[in-house]
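Noted in Swiss-Prot for the protein shown:
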{"type": "BINDING", "residues": "ILE23, ARG24, GLY65, LYS68, THR69, THR70, GLU131, ASP132, PHE133, ARG174, TYR184, ARG221", "note": "ATP binding site"}
{"type": "BINDING", "residues": "THR69", "note": "Mg(2+) binding site"}
{"type": "BINDING", "residues": "ARG294, ARG313, ARG318", "note": "DNA binding site"}
{"type": "REGION", "residues": "4-184", "note": "region 'Large ATPase domain (RuvB-L)'"}
{"type": "REGION", "residues": "185-255", "note": "region 'Small ATPAse domain (RuvB-S)'"}
{"type": "REGION", "residues": "258-350", "note": "region 'Head domain (RuvB-H)'"}
Amino acid sequence: MIEADRIVTASSRDRDEQLDRAIRPLKLAEYIGQPVVREQMDLFIRAAKGRQEALDHTLIFGPPGLGKTTLANIIAEEMGVSIKSTSGPVLERPGDLAALLTNLEAGDVLFVDEIHRLSPIVEEVLYPAMEDFQLDIMIGEGPAARSIKLDLPPFTLVGATTRAGMLTNPLRDRFGIVQRLEFYSTEDLATIVRRSAGILGLPTEPEGAFEIARRARGTPRIANRLLRRVRDFAQVRGKGEITRQIADLALNMLDVDERGFDHQDRRLLLTLIEKFDGGPVGIDSLAAAISEERHTIEDVLEPYLIQQGYIMRTPRGRVVTRHAYLHFGLNLPKRMNEPPTPDLFEGDIV
């Protein structure tokens, strides 16, 4: 299974990029959801503009598809500066980073996606650039090599990552602003769907937008992708308007159920229930049972199911919860109906 083939994947697709840019908000006032992040960034941006300074270096982290790139572009737009974008894997050599840094104007934003994937040698060059706005460059080779320092204009580095824990401490400590993006509520996603539909000129009833939103796994990127597919269905099999019924029929045809699960999610859960009596089962046995690679289960299938409380990782292996049985309308096994074992140490003072 290739993750990019799943309609409910939160990973970015090249074919989504053009449409995503067309519906991407450019101002904080248009940015839906993430109220704490929005309020804080509004304050920080206003303060920096009032002092006529570059915004502090900003780290944005959270699951894929929640709007890290969008927020980086909004920061540049609100600050009234240009943004140059790259990603960690692209910056292979110090020269790659130096070329970007030396072309920045005062106050500009340098956006580095997947910043946790920077190579150590590039990261070392980035430290003085972030802290002192200086670039150390080695000229020549061997005994004749010498280091020269170039002054850089004050700039803002905006780093984005889905794995903040993989950042080195020295790099993490150089960010003055750190923002975590959370999964979106269904109500906020419905607002995003209605906004995107309006930009696309697509008549959409509130109930239709809500039906799409509740199956979007808390992720705007998925919500917008589902909207485009429901638009196709409404155009061919409906009257061009997205109603709750049209959205329901379209998403059922796409095999996305009311919890946002697709065939792969349901197959994993049912395998645990039917072949392993709900678990626990080791990851390698589970991978063999559904003919998938271990890393596919760990990195692609499990995270959302764990986040929603349908699977637990235990020292003995994977276990489904009562939510999985109820989702499929199955009777709970006897062990799930038994009262919990009393804590032998309950009441003891520790």
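Every residue gets a Cβ built from N, Cα and C, even glycine.
For ARG294 (DNA binding site), other Cβ atoms within 10 Å of its Cβ number 13. Of all the binding-site residues listed here (PHE133, TYR184), it is PHE133 whose C-beta has the fewest other C-beta atoms within 10 angstroms. According to DSSP, ARG313 (DNA binding site) is assigned to a strand segment. Apart from ARG294, ARG313, ARG318, the residues listed for DNA, the same chain places the Cβ atoms of GLY282, ILE283, LEU286, ILE297, GLU298, GLU302, GLY317 within 8 Å of the centroid of those Cβ atoms. Annotation for THR69 (ATP binding site): same-chain Cβ neighbours under 8 Å, separated by at least 6 residues, are SER85, PHE111, ASP113, ALA160. If you compare every pair of Cα atoms in ILE23, ARG24, GLY65, LYS68, THR69, THR70, GLU131, ASP132, PHE133, ARG174, TYR184, ARG221, the residues listed for ATP, the longest distance is 37 angstrom. Once Cβ contacts within 10 Å are tallied over all protein chains shown, the binding-site residues ARG313, ARG318 are led by ARG318. Same-chain residues at least 6 positions away in sequence with a Cβ under 8 Å from that of ILE23 (ATP binding site) are, in sequence order, ARG195, SER196, ILE199, LEU200, ASN224.
The Cβ of GLU131 (ATP binding site) lies under 8 Å from the Cβ of ARG174, each on the same chain and at least six residues away in sequence. Between the CA atoms of PHE133 (ATP binding site) and ARG313 (DNA binding site) there is a gap of 45 Å, rounded to the nearest whole number. Cα spacing between ARG318 (DNA binding site) and GLY65 (ATP binding site): 26 Å, rounded to the nearest whole number.
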